[in-house]
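> Straight from TrEMBL, here's the annotation block:
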type	residues	note
BINDING	ASN102, ASN112, HIS117, GLU122	oxalate binding site
BINDING	HIS115, HIS117, GLU122, HIS161	Mn(2+) binding site
DISULFID	CYS38-CYS53	disulfide bond
DOMAIN	67-215	domain 'Cupin type-1'
SIGNAL	1-28	signal peptide
Amino acid sequence: MITSSPSLLLFCLTVSLLLLLLPLPSHCADPDPLQDLCVADLSASISANNFPCKPFSEVTSDDFVFDGLRKQANFTDAFGVTVTTGNVLSFPGLNTLGIAMNRVDIEPGGINPPHSHPRASEIGIVIEGKILAGIVTTKNVYYSKVLTAGQVFVIPRGLVHFQLNVGRKKALTFTAFNSHLPGSTVLPLNLFAAAPSIPVEVLTKTFLVDEDAINNIKSKFVF
């Protein structure tokens, strides 16, 4: 008969804890890569959460460098914000790596409006300016903090959040994600600028206002 020793019990307990604590593939935002690199072939259709890989013979050093975040884009939208994305669509070398980065410029009084990222958590750092960063949980609890240069903030995956420039100068933040294509659901655009449009009746009943109020809001999003 096999008897259990204290060492064996300790070993089994340790292995059990490790299995519970180690990050499993199902807990990751993106699937784990199965090879050294897989530079995206953007001419092909995305499959199984990733783009097909370019042939190794066509991979160059430039595939691993992206300079799109060096300069601010022009402010062109109604919110006074420009978001420059560094995801797999603009930086093919990120394919299968489960990471991405954005540059967010917000003019004084501007806002990165309430939005969420369905496929990733987010961490950001304020480079310059002063912003009010806020998040809302699924239980409608609101958390916020005024942040200045050097401070870091984190947004749990899928939660609605925003950044409002509350300073007198332009604000600049860089944000990173644990997905090569985190996605962005911008609430006001989803509701009032969808194509085809969400029926006005749906919006009047949702916001408990009349049709004129909805049409007035929708008119702000004709770009």
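Any Cβ shown, glycine's included, is placed from N, Cα and C.
TrEMBL does not curate its annotations; it predicts them automatically.
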> Taking HIS161 (Mn(2+) binding site) as the reference, which of CYS53, ASN112, HIS117 (the recorded positions) have a CA within 10 A of its CA?
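Within 10 Å of HIS161 (Mn(2+) binding site): ASN112, HIS117.
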> From the centroid of the CB atoms of ASN102, ASN112, HIS117, GLU122, the recorded oxalate site, which same-chain residues not already listed sit within 8 A by their CB, in sequence order?
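These residues sit around the oxalate site: VAL83, VAL104, HIS115, GLY124, ILE155, HIS161, THR175, PHE177, PRO182, SER184.
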> Have a look at the disulfide-bonded residues (CYS38, CYS53) and report the one with the fewest Cβ neighbours inside 10 Å.
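So among CYS38, CYS53, the disulfide-bonded residues given, the one with the fewest Cβ atoms within 10 Å is CYS53.
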> State which of the following binding-site residues has the fewest other Cβ atoms within 10 Å around its Cβ: HIS115, HIS117, HIS161.
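Comparing Cβ neighbour counts within 10 Å for the binding-site residues HIS115, HIS117, HIS161 gives HIS115.
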> Measuring Cα to Cα, how far is CYS38 (disulfide bond) from HIS117 (oxalate binding site) in Å?
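Rounded to a whole number, the Cα-Cα distance is 24 Å.
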> Counting other Cβ atoms within 10 Å of each residue's Cβ, which of the binding-site residues ASN102, ASN112 comes out lowest?
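Least crowded of the binding-site residues ASN102, ASN112, by Cβ count within 10 Å, is ASN102.
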> Give the distance between the Cα atoms of GLU122 (oxalate binding site) and CYS53 (disulfide bond), rounded to the nearest whole Å.
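Their Cα atoms are separated by 26 Å.
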> Tell me the Cα distance separating CYS53 (disulfide bond) from ASN112 (oxalate binding site), rounded to the nearest angstrom.
34
